[in-house]
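Features of the protein shown, as given by Swiss-Prot:
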| type | residues | note |
| --- | --- | --- |
| ACT_SITE | Lys115 | active site, N6-AMP-lysine intermediate |
| BINDING | Asp35, Gln36, Gln37, Tyr38, Asp39, Ser84, Leu85, Glu113, Arg136, Glu170, Lys285, Lys309 | NAD(+) binding site |
| BINDING | Cys403, Cys406, Cys421, Cys426 | Zn(2+) binding site |
| DOMAIN | 588-671 | domain 'BRCT' |
Amino acid sequence: MQNCDPIKQKIKSLVKQLNKANYQYYNLSDPDLSDQQYDALIKELINLENHYPQFKLPYSPTLKIGGFVEKKFSTIKHKTPMMSLANVFNIEELKAFYDRIVKKIPTFSLLTELKIDGVAISLKYQKGILVRALTRGNGIWGEDVTKNAQTIKTIPLRLNEDLDLEVRGEIYLSHPDFEKLNAQRKQENKPLFSNPRNAASGTLRQLNSAVVAKRNLSIFVYGIADPYLTKPTQKETLVFLTALGFATNPHHYFVSNFENLLSVIEKYKSIKEQLTYDTDGIVIKINELVFHSLIGATAKAPRWATAYKFATITSQSIIQNIIFQVGRTGVITPVCEIMPVMVDGSLVSKVFLHNYDYICKKDIRIKDHVIVHKAGSVIPEILEVIKSKRTDLQKPTLMIEKCPSCKTILEKQPGGIDYFCLNPNCREQKIQKLIHFVSKNAMDINVLGEQTIITFFDKNLITKPSDLYLLKNHQHILQEISGFGAKKITNILDAIEASKQKGFEDVLFALGIKHIGKKVSQVLAKYFQTIENLQQSTSDTITQIREIGIKIAQSIQQYFSNSCNLEEVTKLKKLGVSFQSTNSQKPTTQNIFTNKKIVLTGTLQKYSRLQIQQILEQMGAIITNSLSLKTNYLIVGINAGSKLTKAQKLQIPIIEEKELQQIIENNQIKS
């Protein structure tokens with residue numbers, strides 16, 4: 001007879017591990033397992049329980065729908081349980097799901113929707129007015145977060161019809177808002193959120209609704225909990241929800257057969273990287289709601305729907321070294337050098353580690369085996385340290401005491417998490433400031449690469465930005481440098497001269513004032529018009545601008561109170577650099593874009609998104625991100641997305657790049 005005791009212990013161990021993971025994920029917003037790890041473990045537990053039902057525990061996570069509920073908010077029972085979805089991870093499992101339906105219902109259709117990687121929520125309306133918002137909680141009981149939900153801009157407080165209904169949706173944080181939130185937290189020396197989902201979860205469970213209001217959460221609503229209010233199909237339900245005033249995700253497709261479903265999956269994979277929010281799969285539902293009750297549900301999930309999960313692209317590597325770099329503001333950033341490895345289509349050899357606290361939290365060590373992925377499909381990140389492969393070779397990483405460049409003792413602000421080199425003459429800081437000044441989003445002097453900057457710096461030709469505009473006086477020295485012929489020198493000097501015509505917002509960003517990113521520099525330039533106006537402004541005046549906070553205002557004041565900075569700005573002005581705003585100037589002549597609302601989609605061949613935006617604004621256009629009946633034109637490039645389809649339905653005029661170029665040339669706009 002088989003000894004079942006090891007199996008019983010394995011089930012018990014899995015239940016304990018998964019219950020802990022559920023609590024970490026749902027209650028603390030700090031998961032200790034990746035999605036793929038969790039999915040693999042829950043699948044293993046289900047398999048064991050199916051084969052050995054006598055060992056199934058009464059508190060098994062396979063019987064639950066979510067996590068536990070904390071007592072910070074009042075808990076209320078859901079009118080209809082908030083069920084989660086079963087997952088499939090490959091085409092074979094998806095085909096098995098499809099075939100099970102075919103056995104019961106020979107003729108049916110499917111509707112596919114994006115699986116938003118966020119926080120599930122239930123919204124209750126009485127006579128069209130929002131009266132309650134509950135988190136999923138444990139699926140039966142949820143936390144009352146009504147006050148927080150009322151601050152979310154995409155949640156209507158009143159519907160377009162006076163209905164009593166309950167809807168379900170997913171709260172999420174877009175990539176731009178996530179980056180903005182983490183940038184703000186870094187300025188405030190607070191721990192960074194690891195991903196948008198954790199940020200959305202942590203935000204929704206804030207006790208102070210004012211904090212929630214500032215973080216710009218969004219929602220996509222996908223269903224109605226009241227059976228008597230649903231429409232005949234899921235597709236019609238989404239149309240109905242949109243008509244009521246809810247935000248619904250536009251990426252849903254009608255599917256008539258399995259072959260059609262496979263082609264739709266490929267379509268989703270192609271658009272995934274273009275999205276401004278996280279998604280980890282596709283929700284596939286029987287479109288005809290009348291069949292839902294016929295197919296039924298398990299104790300945990302409906303049988304009429306499933307989630308096809310996208311594979312997380314990861315790679316394993318080994319940490320070869322951890323070095324510390326000093327940036328242009330003096331902040332010290334640890335960088336992990338790993339054995340080069342392909343991750344999601346590109347070779348990765350370096351991974352930034354944010355700060356020393358981040359290293360300690362993840363216990364990252366030299367010679368560790370690690371799993372690397374791309375956060376937001378863009379930035380390489382250490383997803384996990386494989387501690388089971390550790391030997392005596394891996395020792396805890398220690399923080400350096402001195403600047404890696406100038407050897408000045410590092411300082412850490414009280415209560416802060418970053419270390420700084422405060423030496424104004426630090427070589428590396430000066431070089432990084434010059435590299436920033438000539439960068440694409442600043443003065444855009446693209447012929448001056450990093451190595452050229454270092455060469456000129458070491459020759460004592462440039463130590464500050466104004467020196468760039470004096471290089472023309474040192475051509476005899478430039479000619480003596482190996483690799484710098486007459487043509488190359490001419491190209492460099494011409495590019496430097498041309499940069500004098502850059503707008504105030506570009507020059508302001510190029511100055512490298514602490515906390516002044518590209519977007520903030522545009523806002524400030526538009527408001528103050530000139531460097532003199534900004535220089536003479538008070539903190540109170542600056543903070544009157546909606547997008548600007550006290551940290552930025554203080555940073556501006558500190559910058560202009562420094563005599564060296566004032567001297568540098570004065571010198572740049574005397575050398576011909578423009579500190580006059582061009583962004584807010586009215587077009588000299590009327591054109592078809594004057595005062596027109598324009599939306600951009602796809603990739604243009606001649607212009608970057610920022611360049612074409614600046615050109616259109618110079619022509620008097622108003623650039624918006626979302627299409628509506630108020631949109632005057634849609635400009636399309638290569639790989640235009642769903643906006644093109646929507647514009648065609650709304651009969652919005654569409655302008656392609658060739659026609660756009662002709663309009664720009666006819667109006668003699670410099671590109």
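From the backbone N, Cα and C atoms, a Cβ is placed for every residue, glycine too.
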Given the Zn(2+) site Cys403, Cys406, Cys421, Cys426, its other Cβ neighbours within 8 Å of the Cβ centroid, in chain order, are Val326, Gly330, Lys402, Pro404, Ser405, Lys407, Thr408, Leu422, Asn423, Arg427, Glu428, Gln429
Can you check how the pLDDT averages out over the domain 'BRCT' (588-671)?
82
Within 10 Å of the Cβ of Cys426 (Zn(2+) binding site), how many other Cβ atoms can you find? Include all protein chains, please.
21
DSSP-derived structure type at Cys421 (Zn(2+) binding site), helix or strand or else coil
coil
Write out the long-range same-chain contacts of Cys406 (Zn(2+) binding site), meaning residues 6 or more apart in sequence whose Cβ is under 8 Å from its Cβ.
Cys421, Asn423, Asn425, Cys426, Arg427, Glu428
Reported as an integer number of Å, what is the Cα distance between Asp39 (NAD(+) binding site) and the residue listed as 'active site, N6-AMP-lysine intermediate'?
15
Using all protein chains in view, find how many other C-beta atoms are within 10 Å of the C-beta of Lys115 (active site, N6-AMP-lysine intermediate).
23
Check the Cα-Cα distances from Cys403 (Zn(2+) binding site) to the recorded positions Leu85, Lys115, Lys285 and tell me which is shortest.
Lys115
Here the binding-site residues are Leu85, Cys403, Cys421; which one has the lowest number of other Cβ atoms no more than 10 Å from its Cβ?
Leu85
Here the Cα-Cα span from Lys285 (NAD(+) binding site) to Lys115 (active site, N6-AMP-lysine intermediate), rounded to a whole number of angstrom, reaches 12
What does DSSP call Asp39 (NAD(+) binding site) in the simple three-state scheme?
helix
Across the domain 'BRCT' (588-671), what are the DSSP residue counts per state (helix, strand, coil)?
29 helix, 17 strand, 38 coil
Mapped DSSP class for the residue listed as 'active site, N6-AMP-lysine intermediate', helix or strand or coil:
strand
